[in-house]
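Beneath this line is the structure, given in structure tokens, with notes to follow.
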Amino acid sequence: MKASMNIVRLISSFREKDSYSIRLGDALIDKLKKENPVQLVEKNFTLDPPPYLQQQHIQAFATPIDQLSDEQKLARAYSDQAIEELLAADVLIVEVPMYNFTIPATLKSWIDQIARSGITFRYTEKGAIGLLQNKKVYLIIASGGVYSDKEMQAFDFTESYLKYVFQFMGITDIVTYRVEGTAIPELKNQAWQKALKQLEEKPEFTFTM
Ligand SMILES: Cc1cc2nc3c(=O)[nH]c(=O)nc-3n(C[C@H](O)[C@H](O)[C@H](O)COP(=O)(O)O)c2cc1C
């Protein structure tokens, strides 16, 4: 029997059934399910938003486990669980509606909670080393405008940021799917068809255990 593929899915659009990033995420998961048995952890940041990073979190992260107060344990709880889920994942699906040229604040908060020195990356004399290994990331980016054209590329701070931050933490297998032009009536339908086509055509990861 084939081993299960552990997927963590991050949903950051608040548009539920109308959301293109969620719909493309659904299509990708359906596709992956046809190829592998899947274990899915779904994190919907509209229903359960990650806490904004504060001083209390940083202090709790820096305190040795056996010295944590009850308050500090609570402050670390979201981060500890999110990292546990991430470490267990083979595949991370990040569904991203573009807001004001970049990622939603909820998704940024999740990243702030999982980017932890000594756990997901560490600094050495030679610079930073990513500690997340054997993971693949699918970025699914929905935007009202079109950013894959040369002219607009410079104003898209979603893909460049996400690729950099995941690579910083050690993940180098990253594939991007886009639904572009969702706010442009004459492009809307075409945008969705084009996005589905990418699922068929873009390089697939080979999942091996
Ligand atoms: C608050 C807000 C800000 C947005 N900012 C941008 C933007 O900077 N550039 C853009 O192309 N589209 C922008 N849009 C449009 C969304 O990216 C577009 O509706 C996309 O389809 C949202 O993803 P979703 O369908 O998964 O919800 C914005 C939408 C909202 C609600």
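Here the Cβ of each residue, glycine as well, is placed from N, Cα and C on the backbone.
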For the FMN site that TrEMBL assigns to Ser19, Tyr20, Ser21, Met98, Tyr99, Asn100, Phe101, which of the candidates Ser12, Ser13 is also assigned? Ser13
Around Ser13 (FMN binding site), how many other C-beta atoms are within 10 angstroms of its C-beta? 24
Ordered by sequence, the long-range same-chain Cβ contacts of Phe101 (FMN binding site) under 8 Å (at least 6 apart) are Phe155, Asp156, Phe157, Thr158
Tyr20 (FMN binding site), number of other Cβ atoms within 10 Å: 24
Within 10 Å of its Cβ, which one of these binding-site residues (Ser19, Ser21, Asn100) has the largest number of other Cβ atoms? Ser21
C-beta crowding around Met98 (FMN binding site), within 10 angstroms: 23
Tell me, roughly as an integer, the mean pLDDT over the domain 'Flavodoxin-like fold' (5-201). 96
